[in-house]
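Pulled from Swiss-Prot:
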- His83, His182: heme b b562 binding site (BINDING)
- His97, His196: heme b b566 binding site (BINDING)
- His201: ubiquinone binding site (BINDING)
- 33-53: transmembrane segment (TRANSMEM)
- 77-98: transmembrane segment (TRANSMEM)
- 113-133: transmembrane segment (TRANSMEM)
- 178-198: transmembrane segment (TRANSMEM)
- 226-246: transmembrane segment (TRANSMEM)
- 288-308: transmembrane segment (TRANSMEM)
- 320-340: transmembrane segment (TRANSMEM)
- 347-367: transmembrane segment (TRANSMEM)
Amino acid sequence: MTNTRKTHPLIKIINHSFIDLPTPSNISAWWNFGSLLGLCLVIQILTGLFLAMHYTSDTMTAFSSITHICRDVNYGWLIRYMHANGASMFFICLFLHVGRGLYYGSYTYFETWNIGVILLFVVMATAFMGYVLPWGQMSFWGATVITNLLSAIPYIGTTLVEWIWGGFSVDKATLTRFFAFHFVLPFIIAALVMVHLLFLHETGSNNPSGLISDSDKIPFHPYYTIKDILGVLLLIMALMILVLFSPDLLGDPDNYTPANPLSTPPHIKPEWYFLFAYAILRSIPNKLGGVLALVFSILILTLFPLLHVSKQRSMMFRPLSQCMFWFLVADLLTLTWIGGQPVEHPFITIGQLASILYFTIILLMLPIVSLIENKLLKW
């Protein structure tokens, strides 16, 4: 008798992706983040759907509707904080997932990597638009500052900004369209995830050694389904500790003040996961230059396959590259810290140095160090 799992047109797709998928036998816990990102996306879509049932995208009632969700809707506070902190967990997993890709040379899967970078951009856009929806002070001023960056584009900039706003300032039209986009983009993300997986399964997974592992593959189920469940439990535990004990830990107190176009908050800053890019943006005195640096700080990820000059794929056996990688991580943490600080004397200089270092490590130091390691192989 034929196995339905292997013959049914629909079930066999799931089978080839999650059950009988040949997987390297030595992949570590760093490979758990793909499935955790899938879980985060499901959590965000579900909690977001229930929030959308009670939210109103009108400037007069948006803030009140959030209050209504937290006070009057059954477990509304839980859904709201799971959604807000779920975004933070999403970005933690994203950064670790990208970091894993950089460390182990997964970027040599060109299509998978580039779709991953597109996914990162779309997730960042979605998170930004979601932050505008509660219509607090930081929502309003964050939307004003970030959308205003597009006015730096020569010739069409101002027209483009007013077109996005739907008027001459961030107002009702802006909020309504941001809600529409924020609702639809996660489904586009889900579609892109399918393409991401499609390309990944063409080549198979990378592994910590960076070597071809065709001779030593094991089925995904039960080995990695069990392993993923551990990650799932840890993620849910971390999320629920955050939600139930300190739900506002990562938020901004300014967002509990309703949006007021007449008073600017003392320090306009985005959510923590955008601070590194925000620091790079602020460190350049020129508006257009800052915007280009901001975009390039993420877009630079697409250059990694081209900048890979090492004879080895993974950094597992490359101690000098490992040092450079951890310098880069430390630099990103420094940028994140600077992004949350006011624009004052020591922070401006630190931000500028950290921004220069970020691009120098990626474009110059990593390739040079890789070439040195290639030479050392011959000794």
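Backbone N, Cα and C atoms are what each Cβ position is placed from, and that goes for glycine too.
Closest in space to the residue listed as 'ubiquinone binding site', of the binding-site residues given as His83, His97, His182, is His97, taking the CA atom of each residue. The stretches the transmembrane segment (320-340) and the transmembrane segment (347-367) meet in space: the count of Cβ pairs below 8 angstroms, excluding pairs fewer than 6 apart in sequence, reaches at least three.
The binding-site residues examined here are His97, His201; by Cβ neighbour count within 10 Å, the least packed of them is His201. Between the transmembrane segment (77-98) and the transmembrane segment (33-53), three or more CB pairs separated by 6 or more residues in sequence fall under 8 Å, so the two stretches touch. For His83 (heme b b562 binding site), the same-chain residues that are 6 or more apart in sequence and have a Cβ closer than 8 Å to its Cβ are Gln44, Thr47, Gly48, Leu51. Only residues 6 or more beyond the boundaries of the transmembrane segment (226-246), in the same chain, are considered here, and those with a CB under 8 A from a CB of the stretch are 29, 32-33, 35-36, 39-40, 43, 78, 81-82, 85-86, 88-89, 93. Annotated pair His182 (heme b b562 binding site) and His97 (heme b b566 binding site), C-alpha to C-alpha distance, rounded: 23 Å.
For His196 (heme b b566 binding site), the count of additional Cβ atoms within 10 Å of its Cβ stands at 21 [all protein chains shown]. His83 (heme b b562 binding site) falls within a helical segment according to DSSP.
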